[in-house]
Amino acid sequence: MKLFVGLGNPGKEYEQTRHNAGFMVIDELAKRWNISFQTTKFHGMMASTVIFGEKVALCKPLTYMNLSGECVRPLMDYYHIDVDDVIVIYDDLDLPPGKIRLRMKGSSGGHNGIKSLIHHLGTQEFKRVRIGIGRPANGQKITDYVLGRFTKEESDAVMEAILRAADACEKAVVTPFLQVMNEFNA
């Protein structure tokens with residue numbers, strides 16, 4: 001089973017914020033695959049189906065961003081999902097709005113959700129789909145920026161990135177991730 005994890009914060013007040021780009025991709029995949037989420041005992045929302053002949057699961061942790069690993073690790077253990085079958089989708093300050101970048105592994109880059117996953121999974125070697133949100137201007141605090149909504153100027157580019165990231169995830173269901181990475185990072 002492949003597990004796609006979108007990082008974000010639960011609650012209406014965080015919907016459509018920069019920090020919830022991962023949730024937006026997961027919601028797009030659920031829409032494409034016509035599946036609904038259910039709350040799990042693992043502190044997350046989960047949906048599963050068979051797509052292209054492969055079992056897949058979508059997860060949105062409900063633990064708040066900096067505790068994401070507390071949802072994902074128990075879920076992996078319960079369903080016997082290997083770290084090689086996990087793809088994490090999240091926002092990235094170091095990419096401009098609308099840009100996506102796929103990686104096989106890496107450090108947290110200062111992202112608290114990724115820090116939590118690295119801690120709970122015991123490795124940095126899990127696949128990632130990063131959605132660019134850019135950096136704040138005019139000395140705005142990073143926390144305020146990531147918890148803010150996209151500007152009108154950013155919105156179109158970011159929505160395009162959400163769709164492209166969902167395309168990459170769909171392709172990764174049956175195509176080796178390195179091949180998907182080479183195609184979408186080009």
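Note: Cβ is positioned from N, Cα and C throughout, glycine not excepted.
Copied from Swiss-Prot, the annotated features are:
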| type | residues | note |
| --- | --- | --- |
| ACT_SITE | His19 | active site, proton acceptor |
| BINDING | Tyr14, Tyr64, Asn66, Asn112 | tRNA binding site |
| SITE | Asn9 | site 'Discriminates between blocked and unblocked aminoacyl-tRNA' |
| SITE | Asp91 | site 'Stabilizes the basic form of H active site to accept a proton' |
The answer, for which of the recorded positions Asn9, Asn66, Asn112 has its Cβ ringed by the most other Cβ atoms inside 10 Å, is Asn9
Inside 10 Å of the Cβ of Tyr64 (tRNA binding site), count up the other Cβ atoms and send me the figure.
18
About how far apart, in whole Å, are the alpha carbons (Cα) of His19 (active site, proton acceptor) and Asn112 (tRNA binding site)?
11
Could you tally the C-beta atoms, other than its own, that fall within 10 angstroms of the C-beta of Asp91 (site 'Stabilizes the basic form of H active site to accept a proton')?
27
If you measure between the CA atoms of Tyr14 (tRNA binding site) and Asp91 (site 'Stabilizes the basic form of H active site to accept a proton') and round to the nearest Å, you get 13
Rounded to a whole angstrom, what is the C-alpha distance between Asn66 (tRNA binding site) and Asn9 (site 'Discriminates between blocked and unblocked aminoacyl-tRNA')?
9
Are there recorded positions among Tyr64, Asp91, Asn112 that sit within 10 Å of Asn9 (site 'Discriminates between blocked and unblocked aminoacyl-tRNA'), Cα to Cα? If so, list them; otherwise say none.
Tyr64
Cβ within 8 Å of the tRNA site centroid (Tyr14, Tyr64, Asn66, Asn112 excluded): which residues?
Asn9, His19, Thr63, Met65, Leu67, Ser68, Gly113
